[in-house]
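Structure, as structure tokens:
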């Protein structure tokens with residue numbers, strides 16, 4: 001590493017660097033990021049792709065006054081390093097350390113927290129309008145990827161920005177990827193723009209030549225009237241300019257000179273500007289350049305060997321994908337939908353085997369849910385695989401388009417519960433609370449991976465709205481047998497016991513088993529453990545029996561307490577006059593920050609030791 005990065009103590013110092021020093025700084029950042037993220041894990045390929053752009057932004061703007069919003073925010077590592085967080089980068093995504101996304105409480109340079117996609121244009125427009133109303137003239141910049149631009153919220157914002165003529169700069173970071181390869185009409189359109197790069201060079205070359213003479217300038221002014229027609233011929237449908245944005249592109253996102261030139265022009269233009277840069281995910285690390293999907297998000301790895309794929313342990317996502325293929329082979333009405341996450345949700349092989357029955361809609365959860373509703377209305381059996389945190393974006397569609405009509409759409413909520421290092425924007429701890437109040441909705445959760453298979457088979461013949469929630473990763477080493485069959489609304493006694501009954505959902509049954517074993521060893525008391533396969537509806541018959549037999553009851557869930565499973569059980573037990581103690585174990589009314597799940601469960605009293613301590617207090 002050279003001395004350039006080492007000597008930067010204030011981002012304003014970057015403005016004084018010459019072009020060669022800027023290029024050296026970019027290389028220093030790449031070297032630092034590759035070394036650091038290989039040790040901590042984190043978002044890798046996307047960050048390597050925006051380093052040159054980040055350096056150019058600091059050269060042209062003063063972020064003690066100007067504003068920048070990174071859409072999704074996973075590509076903000078270089079920005080964090082240059083804004084005083086380099087020495088803390090070894091704590092990235094660790095409990096108490098740096099967040100992997102922009103966070104307003106972490107730095108004065110993080111102007112808006114992000115984590116989910118497609119939000120930057122709306123927030124940037126809001127900031128630009130606030131600047132205008134407050135009499136300020138600071139620049140507002142939004143950096144958004146071509147994947148995030150497929151999100152409906154981003155398109156809504158573009159429509160409004162073009163109409164209102166907000167004074168902001170949009171930088172389209174076009175790497176032809178979100179996590180996986182982009183799909184859809186907008187991706188096709190951007191590809192046409194990339195193919196039409198010759199138009200922009202042709203326009204520049206002609207303009208430069210004509211500017212050299214007075215006659216040429218008059219000719220240039222006349223030719224400018226033909227600009228729209230030329231665009232229609234050479235570059236199909238200049239969408240951005242048609243809706244009111246000044247378009248600059250295509251710009252090489254790894255050429256600092258080009259970036260400086262276009263940014264120096266854009267910052268002096270009033271009104272909305274979009275700069276279309278083309279970058280390469282994984283730039284500077286050959287293995288990531290060749291396989292950007294594999295290097296999107298990584299665990300710690302050896303730089304010489306690269307990321308090694310792990311095939312030894314089963315997990316919920318891969319099991320879901322395997323079972324979906326089995327269902328589809330036996331039932332030609334089964335279809336799978338994902339919102340730009342075929343690999344993460346385990347549907348990659350399904351896509352290969354059933355391409356006509358697989359639908360990747362891009363980053364468009366709202367569309368995905370109502371698409372599924374339309375399919376269900378015509379007799380298909382749609383399964384929408386989505387991370388729990390991202391289903392929040394389609395609340396109205398689940399309620400309005402699925403539940404009101406009681407359509408048999410199956411929502412497969414991957415990453416339900418804690419996801420760990422991605423932090424508060426990604427923890428899947430709200431789905432029980434926002435789905436439970438919806439009439440006609442049924443919510444289930446497998447207690448182990450093997451039970452996932454049984455539930456999916458049952459779900460394929462369930463004729464009403466259904467949500468299946470399951471966690472990231474695999475099982476704890478607990479000996480559990482899956483249910484042999486599913487009986488609607490009924491729970492399962494996993495272990496007989498006395499005095500205290502634990503009613504747990506999903507993987508929390510495994511935590512309960514370990515806690516109960518500790519009680520057995522320390523107190524020689526058996527704890528009754530119940531697997532609440534059905535989160536909604538609750539098993540009232542079994543609860544009546546527990547109350548009649550005088551059990552103290554502890555509910556356990558990896559969801560927030562408010563509006564959760566435990567509150568539903570508590571409400572019913574109060575209705576029937578249950579006289580013994582009731583304890584609900586869940587996440588309290590707060591957002592759960594980033595860190596390893598084991599640490600976060602412990603801090604929140606939901607690990608086996610915390611559950612054991614609660615049980616001891618009740619004995």
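Any Cβ shown, glycine's included, is placed from N, Cα and C.
The feature thiamine diphosphate binding site is assigned by Swiss-Prot to 74, 115, 116, 117, 147, 148, 175, 285, 365, with sequence analysis given as support.
What Swiss-Prot lists as Mg(2+) binding site is 146, 175. For the recorded site, residue 175 (thiamine diphosphate binding site), the DSSP three-state label reads coil. Counting every protein chain shown, the number of other Cβ atoms lying within 10 Å of the Cβ of residue 175 (thiamine diphosphate binding site) is 23.
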Inset, instruction - Quick one: of 74, 116, 175, 365, which binding-site residues lie within 10 angstroms of residue 146 (Mg(2+) binding site), measuring between C-alpha atoms? Sequence order, please. - result: 175
Legend entry - Packing count at residue 365 (thiamine diphosphate binding site) (other Cβ atoms within 10 Å of its Cβ): 27
Inset, instruction - Work out the three-state DSSP category of residue 146 (Mg(2+) binding site). - result: coil
Inset, instruction - Whole number in angstrom, please: the longest C-alpha to C-alpha distance across 74, 115, 116, 117, 147, 148, 175, 285, 365 for thiamine diphosphate. - result: 32
Legend entry - residue 74 (thiamine diphosphate binding site): tally of other CB atoms within 10 A of its CB: 23
Legend entry - 116, 146, 147 as binding-site residues, winner by CB count within 10 A: 147
